[in-house]
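The structure that follows is given in the form of structure tokens.
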Ligand SMILES: *Cc1c(COP(=O)(O)O)cnc(C)c1O
């Protein structure tokens with residue numbers, strides 16, 4: 001058994017190789033893709049080791065776990081992303097540490113985030129989470145707004161004090177027409193991103209791809225990949 005830092009370094013190197021190979025295959029520059037390490041269920045000590053190994057972006061999906069972890073790591077040069085389904089009663093806490101919220105999927109959440117960000121004196125970057133499997137007007141099983149709802153939500157974010165519209169995020173659907181077709185799903189997200197950027201040119205982030213499908217996301221044009229288990233190990237079921 002090697003120690004934890006050695007293990008994380010080896011995993012990170014493997015993920016880095018995968019991203020570099022995917023960029024090469026797609027004719028993209030490596031700098032066009034940012035790695036976000038999803039540290040959910042893993043301790044603050046791992047976040048610290050990752051920062052020592054050069055990681056600059058981390059993501060969490062539950063405020064109860066994320067808030068104490070972010071507090072324990074507040075001395076580190078990290079950008080914190082919130083990627084989980086977010087209840088409005090957690091917003092006040094989340095805007096205290098999250099630089100970006102990637103899971104914005106309803107107008108009530110925009111209102112709450114705006115109020116919280118203004119109260120905290122912070123600017124919070126927002127991504128509209130897109131549910132490619134949702135019916136128009138509905139939300140996805142794992143959160144997210146249907147493609148038809150992106151424009152309205154994007155405009156709302158762009159006009160909300162304390163918030164900045166940064167782009168789009170998705171999780172490849174497990175059901176519906178895109179089930180098992182990650183590349184098609186991510187290409188659809190790119191088209192939706194192009195549409196959004198017509199009205200909001202600065203909303204350039206496209207967050208897609210996880211441990212299992214980061215290659216497909218890079219091939220489609222993702223600017224950010226969110227990788228958890230390939231770096232930290234397989235999570236116990238509760239995460
Ligand atoms: C957990 C999680 C990830 C990372 O998933 P892995 O399969 O562990 O890489 C990415 N995005 C979101 C929204 C997550 O909740």
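In case you wondered, yes, glycine gets a Cβ from its N, Cα and C as well.
TrEMBL lists 18-236 with the feature domain 'Alanine racemase N-terminal'. Taken from TrEMBL, the feature N6-(pyridoxal phosphate)lysine covers 40.
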Let me check the 10 A CB neighbour count of the residue listed as 'N6-(pyridoxal phosphate)lysine'. How many other CB atoms are there?
19
Helix, strand or coil for the residue listed as 'N6-(pyridoxal phosphate)lysine'? Use DSSP.
coil
